[in-house]
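Marked as domain 'UvrD-like helicase ATP-binding' by TrEMBL: 3-252. The ATP binding site annotation in TrEMBL covers A24, F25, A26, G27, T28, G29, K30, T31.
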Amino acid sequence: MPHKPTEEQTAIIHWQGRKLVVNAFAGTGKTSTLVSYAMACPESRMLYLAYNRAIRDEAERRFPFNVECKTSHQLAFARFGRHYQKRLVPGLFVTDVARKLNTRYWALARVAMTGLNQFICSADATPGRQHLPDKDEMKGVAPDEALRAVRTLWQAMSDPDGTFPVTHDTYLKLFQLSGPDLSRRWDTILFDEAQDANPVTSALVLGQRCRIVLVGDRYQQIYRFRGADDALSHPSLAGADRLWLTQSFRFGPAVAAMANLLLKRAGESREVSGCGGDDEVLTMQEMRERMKRGKFGGHRAVLNRTVAGVIGTALMAAMAGRKVYWVGALRDTERRRLKIFTGSRWICRPGCTLTGCAGITGILMNTVILRR
């Protein structure tokens, strides 16, 4: 941790209990706090559960030796995934489903595929009507017929001796249904970005007997469209200890004031404090006028709520002759597309990808830095 821990961080580092929920606003040093927590308990065997491989790789570089960093799919692969390796595919095609159901009734095939995917990402033990699409999306398919099709597909997919394609979420679901006891290997689970966990992963973690620390920010939930369900608010955590991280080092008081207005509209009683130095909030029009007048000099960080805002800021700055550093970097294809528009050099940190951000405090996440 580059600075002395705040009182909020210290409370987390020295916490002792069974279940802890940490609500961490953007830029409050949640990962640094977890690292310090792990270092304060060197004899405790810990599992840091990451949402994806990039986050896991970054965590491995930061956490001490007593912490194993894995994705949920990594955990499941050793137990189930390797048995299905020859059948693994990135995703199902509707033709795979129609062929298995022996039908050209494409509406049924699509509904069944949706129902199967929703079941696999759920915490439920068997497919049910709750996994079928909304009535408007059923396209006239009878619910009973659709549910029979979903159950047929799941039986074929989960059969270790079958030939039906298997997705990576399939073996994660099988792992969750097997009820693994992770406490036999780890004393503590650190569950990061818990606001974006899907129900199957939440069920896997919250069903454990070991100590559990969940960290996240419900205002930065960005994967709801993929079935994410805020694990921080799970009913099983009603009796859990709850601590907050509200001092952000990513921005200063002006951005914090804007964020607090939005948080208040969302019904949040706590406020975020901006401890990141001087800042200001401008509309796009105000920033455009400053650039035209040459009064937007120096080294500036520009925060945008959306990826579209980041692109607009970057293009506008590049056309004004400014060098641009895109925090999070760009994939090669994205870099080529932007060069078509600007012909500019982009200074990017390698090894990362461009990601979108939504939610109340999402305005604090997507950043463009303008250099002299």
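Cβ atoms are placed via backbone N, Cα and C, with glycine included.
By a simple count of nearby Cβ atoms, those within 10 Å, the most crowded of the binding-site residues T28, T31 is T28. Packing around A24 (ATP binding site) is summarised by its Cβ count: 28 other Cβ atoms lie within 10 angstroms of its Cβ, all protein chains included.
Secondary structure at F25 (ATP binding site), as computed by DSSP, is coil. This prediction places the mean pLDDT of the domain 'UvrD-like helicase ATP-binding' (3-252) at 94.
Those same-chain residues not listed among A24, F25, A26, G27, T28, G29, K30, T31 yet with C-beta within 8 angstroms of the centroid of the ATP site C-beta atoms are T33, D217, L245, S248, R250. Most buried of the binding-site residues F25, A26, G27, G29, K30, judged by other Cβ atoms within 10 Å, is F25.
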